[in-house]
């Protein structure tokens with residue numbers, strides 16, 4: 001392994017360790033996402049406890065912190081295997097952040113960002129798969145699970161040299177969704193539409209209180 005490849009892997013892990021969910025919630029004076037909602041410091045939980053603007057900020061940052069290290073490694077001609085390890089390192093940083101006592105999220109947005117530099121065609125397919133699954137089922141977690149399962153096949157079709165690292169990344173995502181898989185199996189997983197309904201109901205209650 002070259003010094004460049006090793007440096008990019010370390011850089012990716014440190015980038016991933018910057019938990020945007022926690023930082024955004026602190027800046028916006030929202031509750032700690034690790035202690036509220038689902039307990040997961042990710043965009044979906046921030047949507048639940050803080051609203052769309054905060055969630056969008058978290059989502060964009062989480063994607064970028066996976067995309068930037070991999071894109072830089074690609075520009076520095078890091079070999080495909082170590083490019084894949086750079087992507088995995090970014091996700092491991094998100095899941096086990098050194099700056100936040102190793103309590104992180106599930107790595108879906110960061111993994112998406114890390115895979116994006118492979119190609120826009122692949123990025124479009126991954127986005128379409130997630131959106132279609134969520135629209136049909138209403139489950140954000142199921143969208144992530146299906147996308148993780150299919151991602152290695154998409155990569156094998158477009159850029160086969162990255163299949164093994166992406167497969168490892170998919171396994172990592174699936175492991176982090178173990179509890180979600182169990183709740184889906186039992187029919188206990190909450191649908192993403194429920195978050196919007198709750199926000200709407202809360203807003204209506206606040207309006208009623210103002211009128212009183």
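Placement of Cβ uses the backbone N, Cα and C atoms for every residue, glycine included.
Swiss-Prot lists 5-25 (among others) with the feature transmembrane segment, giving sequence analysis as the kind of evidence. Under 8 Å from some Cβ of the transmembrane segment (5-25) lie the Cβ atoms of residues 31-34, 41-43, 45-46, 49-50, 54, 57-58, 61-62, 65-66, 68-70, 72-73, 76, 78-79, 82, 85-87, 89-100, 104-105, 110, 114, all in the same chain and six or more residues away from its ends.
Residues or ranges marked as transmembrane segment by Swiss-Prot: 53-73 (among others). Among residues of the same chain six or more beyond the transmembrane segment (53-73), those with a C-beta under 8 A of the stretch's C-beta atoms are 5, 8, 11-12, 15-16, 18, 20-21, 24-25, 28, 30, 42-44, 46-47, 82-83, 86-87, 89-91, 93-94, 105, 109-117.
The transmembrane segment annotation in Swiss-Prot covers 80-100 (among others).
If you look at the transmembrane segment (112-132), the same-chain residues 6 or more away from its ends with a CB under 8 A from one of its CBs are 12, 62-71, 74, 86-88, 90-91, 143-144, 146-147, 150-151, 154-155, 158-159, 162, 166, 169. Positions annotated as transmembrane segment by Swiss-Prot, on the basis of sequence analysis: 112-132 (among others).
Taken from Swiss-Prot, the feature transmembrane segment applies to 138-158 (among others). Through the fold, the transmembrane segment (138-158) approaches residues 44, 106, 108, 111-112, 115, 118-119, 121-122, 125-126, 129-131, 166-167, 169-170, 173-174, 177, 180-181, 183-184, 189, 191-193 of its own chain, all at least 6 residues removed from its boundaries and within a Cβ separation under 8 Å.
Long-range contacts of the transmembrane segment (80-100) within the same chain, counting only residues at least 6 positions beyond its ends with a Cβ under 8 Å from a Cβ of the stretch, are 1-2, 5, 8-10, 12-19, 22, 41, 62, 65-66, 69-70, 73-74, 106-107, 110-111, 113-115, 161-162, 164-166, 168-169, 172-173, 176.
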